[in-house]
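**Student:** A single structure is presented below for examination.
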Amino acid sequence: MFKLNLKIALRNLWKHKLYSGLNILGLAAGLSGFMIILLYINFETGYDKWDPSLKNTYQVGLHQVKNGAANSEAKTDGFFVKMIREQFPEVHTATMWLWSDGFKVNYFYNHQSYEQNFTAASIDSLFLKTYPLQAIYGDIADVFKDKRGIAISLGKAREMFGNADPINQVILKKGGANFSDEQLVVKAVWDEKKYRSYFNIDFISAIDFNIYGSELWYRNYNVMLQFNEKTDVRSAIVRINQLYLQDQAKRAMLINDPNYRVNSNEAMAILKKKEGITSQRIVIEPVEDLNMKSFFSQNPKQKSIYILTALASFLLIISCVNFTNLAIVQAGSRAKEVGIKKVLGAFRTNLTLQFLIETGMQCLLAFFIALITVELMLPPINSILDTQLILFNGTELSFLIGQGLSLLIVIVLLSGLYPALFLSRFAPAKVLKGNFATSFGSVNLRKSLMVLQFTIAGSLVISFLIMNAQLNYMKNKDLGMEANQVMALGIRNFKNRSLNPAEFSSIRQRLMGIDGVEDISRSTDGLVGESNWKHDFTYNGKTSELITKYNDINYLNLLKAKIVMGRGFSEKLMATDTLTSIVLNEAAFIAMNLKEINVVIDLKDGDRIQHVNVVGVVKNIQNEGFDRAIKPAAYLAGDFKWHWRSVVLLRLRGSNIAETITNIKNVWKEIEPDGEPRYSFANEKFAKLNAVYERMASVMFAFSTITLLVSVMGLFTLAAYSSKLRLKEIAIRKILGASTISILKLLNVDLVRLVVAANIFADVFAYIYMNHWFKDFVYRIDIPFMPFLLVNIATIVLTIITVSIQSVSAVKANPVRALKYE
């Protein structure tokens, strides 16, 4: 019997090649999109899941409000770890380490010199007990036995040494002007793909924090805690906050008595009086969750995952709906088969199972087509999403197979159950005399499913168009400066960082002598990203913490920044401008409640109080992403002794930028021969800030296009079904003199009404969703009207074209053939 049913199923598929092909390809398209998103979700949620102990491991940070400014950082001071180790037995291990992104070292291999960029961790002796990385070559713990010892990731080892044995290979760390060179020896290698980590560490060295002494006051240290099993972490956090607040108050009062106690309110009052701190709390986050969400980073990954999950679900639902509608359209050709089988004694359950098996065959074929499509599409997808997705990942293959089988069962049930029940309920007496159409019942469900399809497709397309409009706004927004062709060149040599303008003049002249260099300046940090320097400024008793940028006197001129009040720095007034003048941005001018310029404010720099005169206000310069408000900032042109210039900024001109960059690199190698020059461009940095949103827009475009195509397939089948049901009506109308246009109009009306209803729902859902999406942005557009109008018109036009193409054959058919049995 199974063999017979299989033959009937295959014959039916072959007989209706067009419908079967649309059925399988539509489902394969939906499955491909779903599987790609599933791989991405697996990838992003798979960080720091490689050891059971990491479920109890937490990252520690501090949120603080000081002088009215909120500051959050995933770091704390060294005394915190000491307090935890001494007073919290529920903490199994507490480790302190330094995490450095962009750590560069030179190394020699095969008699050639290279430079390598690392994400480095300097760890204490308890790090590996808290974060249990395991080496595949050597032993990571050996870095504590040899001061020169380091451990590196397998990827870096292969990149540096090829297939040679990396153990005991030597890396030369160049120290610069004030530090001697240091030879580092590779003692261990671990597989970073197996130990996929949010911290993305690829270089480990040991450090003894006991030698830091008073420097442990500084909040420069990364801290991880591993709690004992079954510890109530929430109550532990409350106690940690209370004791840390008390500990801070004691240190602020310079009290060393271990028995000294103050309550939380008293401690907060002390910190407010001594340091201007009005609020603070220790924040502890599970390491497993850091890649998806963190209090300390405005990381849209979690929201992106939610969006992509919804996209994948919608696409799969639309594909299954399309499959269901196509199956029902073909039901007429199977009606007599069902009738005969029922007459011969087949039960409805047997027929339902048969049709489910047929559906399973088609779904299985679609599944294999989807697997091939995904494998072919992964290289461009990885490029768009900036990931390393692998379909047949050996470490996660069993998990992926389980997901695949579950997915296959779900789509078989979603796609095949309703058609199987629908087909198996035919009454033999009706269908065997050719009157099967009357047993089809209501088409309301199928119309509802079509409305659902176009609602989802329309809302996705509208959302993409609005996202694209926001991206265009971000690309074209006035940044407060001209960022194009501004090159930032890192100063490695510590002596060169501390040069005053007169001492730097010879280097400046050499760089200005290069054809294509228009202007040169220096700064304490680059143009894009948060500044490392912050100071307290006081005016009329109000203290504000401002980002502080120490620059050369022509810095604002090089950026072509716009002065909105007063003046910028002037070389003619260098004597005073490098000593007592300051320029604020608009945000700082408002934050300090200033009403005019040429007022004196106090700058607190460590223990020094400097009186500076506000000579001008510059337009806000955008140096972070559009999801963050521009922070109050102050610009100074002096203090070369304490605040080194670590970046040279060059404004380039002309069309042959590549040649100019080559010449700059050659000159800089003569100035700093240790290693390759490190440089970046401001406009490229800004592009990276927007990259995550551009990737999301690209994904939205791809999936909205697929969803729309699958919906059009569904419309095509529904139009076919509608015209098939109305063949006799069309024939009678033609005999009575109706024109082709009038009949096509009649056939279009019902489906156009459905699409208009879908458009209304799509407009509402897209508006709600985009309002939610825009919550991430401080700087944004108003939701435009045009995307709604364009998509509504486009879907209606597409419906009319699709229905007309599908229905024209029925309209032109000979009416005698439709009425010959009447």
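Backbone N, Cα and C define each Cβ position, glycine as well.
Below are the features listed in TrEMBL for this protein:
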type	residues	note
DOMAIN	311-426	domain 'ABC3 transporter permease C-terminal'
DOMAIN	702-815	domain 'ABC3 transporter permease C-terminal'
TRANSMEM	21-43	transmembrane segment
TRANSMEM	305-329	transmembrane segment
TRANSMEM	350-377	transmembrane segment
TRANSMEM	397-423	transmembrane segment
TRANSMEM	449-467	transmembrane segment
TRANSMEM	699-721	transmembrane segment
TRANSMEM	751-769	transmembrane segment
TRANSMEM	789-811	transmembrane segment
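Would you situate these features in the structure and describe their surroundings?
**Tutor:** Here the transmembrane segment (21-43) has Cβ contacts under 8 Å with residues 305, 308-309, 311-313, 315-316, 318-320, 322-323, 326-327, 362-363, 365-367, 369-371, 373-374, 377-378, 381, 385, 387-391, 396, 399-400, 403-404, 407, 411, 415, 702-703, 706, 709-710, 713-714, 716-717 of the same chain, all six or more residues outside its ends.
Sequence-distant contacts of the transmembrane segment (350-377) (same chain, six or more residues past either end, CB-CB distance under 8 Å): 5, 9, 12-13, 20, 23-25, 27-29, 31-32, 35-36, 39, 323, 327, 338, 341-342, 391, 404, 407-408, 411-412, 415-417, 419-421, 423-424.
A Cβ distance under 8 Å defines the sequence-distant neighbours of the transmembrane segment (699-721), meaning residues of its chain 6+ beyond its ends; these are 19, 22, 26, 29-30, 33, 308, 311, 314-315, 318-319, 321-322, 325-326, 328-329, 384-385, 443, 446-447, 449-450, 453-454, 456-457, 460-461, 463-464, 467-468, 747, 751, 755, 798-799, 802-803, 806-807.
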**Student:** Using DSSP, how many residues in the domain 'ABC3 transporter permease C-terminal' (702-815) fall into helix, strand and coil?
**Tutor:** 98 helix, 0 strand, 16 coil
**Student:** If you count Cβ pairs under 8 Å, which stretch among 305-329, 449-467, 789-811 touches the transmembrane segment (751-769) the most?
**Tutor:** 449-467
